[in-house]
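**Q** For His107, Cys143, His146, Met151, the entry in TrEMBL reads Cu cation binding site. The compositional bias 'Low complexity' annotation in TrEMBL covers 17-31. Sequence annotations record features per position, and here TrEMBL assigns compositional bias 'Gly residues' to 32-71. Positions annotated as domain 'Blue (type 1) copper' by TrEMBL: 78-157. The region 'Disordered' feature in TrEMBL is assigned to 17-90. The annotation transmembrane segment is assigned in TrEMBL to 183-205.
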Amino acid sequence: MNRRDFLLAASAAAGGSAAASGTAAAQQDNASGGGGGNASGGGGNASGGGGNQSGGGNQSAGGGGGGGGGPTKTVKVGPGGSLKFEPETLSLPTGGKVKFVWESDGHNVSPSNGDWGHEPIEDKGFSYTTPAFQEAGAQEYVCVPHESAGMVGTIQVGSSGGSSGGGGAEEPSPEEMGVPFQAHFVGIATILMMVLSLVYTFFAVKYGESPNAKGGN
């Protein structure tokens, strides 16, 4: 193979690599568009489900306290006869509730701000569930009879993590963050194109024809 044929073959290889990269990028765009459409459709379904929940809310209005949209987490009041809340600091997402469970006698839950607590003194076996917390921020509370002994607690509203004794929040997957799995195809094609371009440039510089390469004297 002479030099001219070699240069033509190398040019064709580089062009094929660029075409492969373009095809992979197009596949990524299609995948992103498809994912967006599905997510939008899913949002519509979720909205429909919300409508059904609101019907359930009407039921609860007729029959007493209904369930909210967030989780309900438990705080033990005086566990094992101790003068403390367990956990003392609780992380709770917006819309969640807290269920206080009395495990010893003579305690109450008195918030520093708001009226979501339970002021009467209660004994072991009693439980109380707060209304849903809709505003983010720290909600501090105490047991009035034992505040001087350090029986205080805090609810961190707006945090998706677990309490001081629980597990942390689950990391979102790349698809949930809007990164389709097909993206690695584009990266591989781009790297391949760069490598072929470097190889082509190397051989073109080293073996390429100069103006004096043909024609002789």
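Positions of Cβ are set from backbone N, Cα and C atoms, glycine also.
Help me picture these features in the structure, burial and contacts included.
**A** Sequence-distant neighbours of Cys143 (Cu cation binding site): residues of the same chain at least 6 apart with a C-beta under 8 Å from its C-beta are Val77, Gly78, Leu83, Phe85, His107, Asn108, Val109, Ser110, Met151, Val152.
Mean model confidence for the domain 'Blue (type 1) copper' (78-157) is a pLDDT of 96.
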**Q** Identify which of the binding-site residues His107, His146 has its Cβ surrounded by the largest number of other Cβ atoms within 10 Å, counting every protein chain shown.
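**A** Of the binding-site residues His107, His146, the highest Cβ count within 10 Å belongs to His107.
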**Q** Enumerate the residues of the same chain, His107, Cys143, His146, Met151 excluded, that satisfy the criterion Cβ within 8 A of the mean position of the Cβ atoms of the recorded Cu cation site; list them in sequence order.
**A** Val77, Gly78, Leu83, Lys84, Phe85, Gly106, Asn108, Val142, Val144, Pro145, Glu147, Ala149
**Q** Across the domain 'Blue (type 1) copper' (78-157), what are the DSSP residue counts per state (helix, strand, coil)?
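**A** Helix, strand, coil within the domain 'Blue (type 1) copper' (78-157): 9 helix, 37 strand, 34 coil.
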**Q** Using all protein chains in view, find how many other C-beta atoms are within 10 Å of the C-beta of Met151 (Cu cation binding site).
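**A** I count 21 other Cβ atoms within 10 Å of it.
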